[in-house]
């Protein structure tokens, strides 16, 4: 013998199915495609580990971050620094062999040049 379900359960199932049919009818195939694409990129980026930047990708990232200022491959040192320095790590050590973020990339940007003031000509 079959199991008899209660009237409230049957009404809930019926209303829920009708609700889903209406929602699926309203949602076009392009909406479903974009939703699937968003879910796919979200899940793949959430599972991806830290990435490294090497070669042309590193140069492109530095050009993007630093813009017209330019950049250095080694951290700039101040004037009059001692000749007995500790070995420096460069951007390749920090971003190619290990992963780095935008703040780390910005540390290798050249400083902003002061704006040229207009001279008075006599």
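Any Cβ shown, glycine's included, is placed from N, Cα and C.
Values in this document were obtained by computation on a predicted structure and should not be read as measured data.
According to Swiss-Prot, the feature disulfide bond maps to 54-96 (among others), an assignment based on similarity to another entry. Summarising the environment of residue 54 (disulfide bond), the number of other Cβ atoms within 10 Å of its Cβ, over all protein chains shown, is 11. In the three-state DSSP assignment, the secondary structure recorded for residue 54 (disulfide bond) is coil.
Swiss-Prot lists 66-109 (among others) with the feature disulfide bond. Within 10 Å of the C-beta of residue 109 (disulfide bond) we count 16 further C-beta atoms, all protein chains included.
Marked as disulfide bond by Swiss-Prot: 95-100 (among others). Residue 95 (disulfide bond) carries a helical DSSP state (H, G or I). Listed in sequence order, 52, 53, 54, 58, 61, 104, 105 are the same-chain residues six or more apart from residue 95 (disulfide bond) with CB atoms under 8 A from its CB.
DSSP places the residues of the region 'B' (49-77) in helix, strand and coil in these numbers: 15 helix, 2 strand, 12 coil. Positions annotated as region 'B' by Swiss-Prot: 49-77.
Taken from Swiss-Prot, the feature region 'C' applies to 78-89.
What Swiss-Prot records for 111-118 is region 'D'.
It is 14 Å from the Cα atom of residue 100 (disulfide bond) to that of residue 109 (disulfide bond). For the recorded site, residue 109 (disulfide bond), the DSSP three-state label reads strand.
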